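Scroll down for the structure; my scribbles are underneath it.
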Amino acid sequence: MTHTRKFHPLFKIINKSFIDLPTPSNISTWWNFGSLLGACLITQILTGLFLAMHYTPDTMTAFSSMSHICRDVNYGWIIRQLHSNGASIFFLCLYTHIGRNIYYGSYLYSETWNTGIMLLLITMATAFMGYVLPWGQMSFWGATVITNLFSAIPYIGTNLVEWIWGGFSVDKATLNRFFAFHFILPFTMVALAGVHLTFLHETGSNNPLGLTSDSDKIPFHPYYTIKDFLGLLILILLLLLLALLSPDMLGDPDNYMPADPLNTPLHIKPEWYFLFAYAILRSVPNKLGGVLALFLSILILGLMPLLHTSKHRSMMLRPLSQVLFWTLTMDLLTLTWIGSQPVEHPYIIIGQMASILYFSIILAFLPIAGMIENYLIK
């Protein structure tokens, strides 16, 4: 069996990636989230596949087909709740994974980090298109508002929006293409996750100290497979509790009303995992400026390897950077709260201050803190 595992053309790839993979002996539970993201992706693909068997991407029947899935399809209600709440768990794991990489300096593996940013962007696009599919009020108006942002692009903006819509408004053609992309993009994510892992295994995992761990490594199996399995059990428990006890806690009540182009909801907002970016978008009074700020709030992550000034990789022994990291975390939670509030005083000014702080911490305060810490340890 050992010979087959190590020399069979297919099994040896699995063996090198998940069994005999040399892993630092001191990595903590924060390193579990990569495997949890893989589990979330598989869950979303499987539940989505079963939902796609009964869903009809047509403006006249999309909403009723969702109702049909929940009422008439065997276990359709639980499949739908697992899929919609699974997206929330997915983003919770994703943001935690990114936060851990920032804290421990893993972004210095630039290829792994850049493929991770690409994965984040594709995940966000997939989730946005999925939110449109039930064709409720918030689905329709969310699609209208977010796609309309592209009209801010000079010269080609209006044509680009009509091209995305497939007409002069969000309609059947839009829903059809969103369904097609929502179905195919997760498979693209699987391929990109493979590339992500390939780059990671080229360099090996980082560790909490941020030091090279070549002299102290252990095999991935059984030590970390058991650890990951425990994390997976907790994830499944959390997802089932959410889907069975309070399935609508993270959703919007407006989405239980069929889409009505003649009736605008009082407060159009995306799902909770996009609220921080939505708050940054709204904090800029100019439309083009807001769109640029929205995209930069994600793309700014790509600058992190270039902005690293500290001689230490990890923040574990850098108290000043730790304070800034947790300030950034609180700032993102504040932006998430602001995004869920109406556009009025005092939420406008709080959103603007939080947005300025977000960009300031990443672009200025963290690099300056790194230089100060370098000076202090001389």
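From the backbone N, Cα and C atoms, a Cβ is placed for every residue, glycine too.
Computed from a predicted structure; not experimentally measured.
As annotated by Swiss-Prot, heme b b562 binding site applies to His83, His182, with the evidence given as similarity to another entry. Marked as heme b b566 binding site by Swiss-Prot on the basis of similarity to another entry: His97, His196. If you look up Swiss-Prot, you'll see His201 marked as ubiquinone binding site. Feature annotation from Swiss-Prot assigns transmembrane segment to 33-53, 77-98, 113-133, 178-198, 226-246, 288-308, 320-340, 347-367; the stated evidence is similarity to another entry.
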Smallest Cα-Cα separation from His201 (ubiquinone binding site) among the binding-site residues His83, His97, His182 is shown by His97
Counting Cβ atoms within 10 Å of each Cβ, the densest environment among the binding-site residues His97, His201 belongs to His97
Highest Cβ pair tally under 8 Å against the transmembrane segment (226-246), stretches 33-53, 320-340, 347-367, lands on 33-53
Sequence-distant contacts of the transmembrane segment (178-198), meaning Cβ under 8 Å and at least 6 residues beyond its ends, amount to 17, 37-38, 41, 44-45, 48, 52, 55, 57, 112, 115-116, 118-119, 122-123, 125-126, 129-130, 132-133, 143
Beyond a gap of at least 6 residues from its ends, the CB atoms lying under 8 Å from the transmembrane segment (347-367) belong to 279-280, 282-284, 293, 296-297, 300, 303-304, 307-309, 321, 324-325, 327-328, 331-332, 334-335, 338-339, 341
With the cut-off at Cβ under 8 Å and a gap of six or more residues from its ends, the chain residues touching the transmembrane segment (77-98) are 30, 33-34, 36-37, 40-41, 43-44, 47-48, 50-51, 66, 69-71, 116, 120, 123, 127, 130, 235, 238-239, 242-244, 247, 250-251, 271-273, 301
If you count the other CB atoms within 10 A of the CB of His196 (heme b b566 binding site), including all protein chains displayed, you should get 21
Other same-chain positions with a Cβ less than 8 Å from the transmembrane segment (33-53) and lying at least 6 residues past its termini are 69, 76, 79-80, 82-83, 86-87, 89-90, 93-94, 96-97, 100, 130, 182-183, 186-187, 189-190, 193, 228, 231-232, 235, 239
Quick note, His196 (heme b b566 binding site) and His182 (heme b b562 binding site): C-alpha atoms separated, nearest Å, by 21
Same-chain residues at least 6 beyond the ends of the transmembrane segment (320-340) with CB under 8 Å of its CB atoms are 99, 102-103, 269-270, 272, 274-280, 282, 310, 347, 350-351, 354-355, 357-358, 361-362, 365-366, 369-370, 372-373
CA pair His97 (heme b b566 binding site) / His83 (heme b b562 binding site), Å rounded to integer, equals 21
Filtered by Cβ under 8 Å and at least 6 apart in sequence, the residues in the chain of His83 (heme b b562 binding site) near it are Gln44, Thr47, Gly48, Leu51
